[in-house]
Amino acid sequence: MKTFSSPINSSTTTGFILLGFPCPREGQILLFVLFSIVYLLTLMGNTCIIFAVCWDQRLHTPMYLLLANFSFLEIWYVTSTIPNMLANFLSDTKVISFSGCFLQFYFFFSLGSTECLFLAVMAFDRYLAICRPLHYPALMTGSLCNILVISCWVLGFLWFPVPIIIISQMSFCGSRIIDHFLCDPGPLLALTCSRAPLMEVFWTIITSLILFIPFLFIMGSYTLVLRAVFRVPSRDGQKKAFSTCGSHLTVVLLFYGSVMIMYLSPTSEHEAGMQKLVTLFYSVVTPLINPVIYSLRNKDMKHALQKILRT
């Protein structure tokens, strides 16, 4: 059973203290307004993508069904962090309950894992569409698409429960202050009464697997895609092939680029400010700009969104 050893200055605290972005009261209010706008724009952008796919019959294809699920995922991904951040900006104590902290921990990492899997499945879809165009309708059927979607959600949410439950049962000592805007395993493990090297190694292994296996699969898929594209004799054919996968590849680079910076950078273990900024980018900024990337680089999506706005 988890226990706390309370310091004098937080003896009445029953959870953890999320420092977030320390600044004067005026700065906290400004951040509250800024992130409220970001949250609303993210919800609106991704919801528009979902509505466009649902309402436009031409978008009822595996590529766009995967995109609609991805947008739905992004909505919940930002919801796992921003609402608590907004409450934190207006709070004097910055306290998050023990159960609230570990629920956020679970949902944030489960949704992040699901995103990695979806990006891999979307790369697989683009590989089939470009490298096997004649067989694509027979291979990427509606039933296979549904199986892949369900598998991403189920596997993503089953990847982290065991280590998170184990960490939640540890004893925590010290100030209970987490220098982050969310409950992250690094700061949490640093607050345990005794080091848990086996848990740290186990966490590193399962995190590496869910990050690098989909990433290597994506890179392999796009290596084959690029090889197929460069074999296309006409420039128009190459341009059309690039346009079908350019948006997804941009999203992959933005998401994995920021995750890899945090995961591989030796300073990320020591500089809380850098860790917060990088986490902010892949968990808040990328879900905000993803709808823009997909709509700007896709004529069918732009046309469907224009129809929605006119209605």
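Along the chain as shown, the residues are counted starting at 1.
Using the three backbone atoms N, Cα and C, a Cβ is placed for every residue, glycine included.
Feature annotations, reproduced from TrEMBL:
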DOMAIN    45-294  domain 'G-protein coupled receptors family 1 profile'
TRANSMEM  29-52  transmembrane segment
TRANSMEM  64-83  transmembrane segment
TRANSMEM  103-124  transmembrane segment
TRANSMEM  136-160  transmembrane segment
TRANSMEM  201-225  transmembrane segment
TRANSMEM  246-265  transmembrane segment
TRANSMEM  277-296  transmembrane segment
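Non-local neighbours of the transmembrane segment (136-160) in the same chain are 62, 65-66, 69, 106, 109-111, 113-118, 121, 124-125, 128-129, 206, 210; each lies 6+ residues outside the stretch with a CB under 8 Å from one of its CB atoms. Highest Cβ contact count with the transmembrane segment (246-265) among the listed stretches 29-52, 64-83, 201-225, 277-296 falls to 277-296 (criterion: pairs under 8 Å). When Cβ-Cβ distances below 8 Å are used as the criterion, the transmembrane segment (201-225) is approached by residues 113, 116-117, 119-120, 123-124, 126-127, 130-131, 159-160, 163, 185, 189, 241, 245, 249, 252, 256, 259, 263 of the same chain, each at least six residues removed from its ends.
In the predicted model, residues of the domain 'G-protein coupled receptors family 1 profile' (45-294) average a pLDDT of 88.
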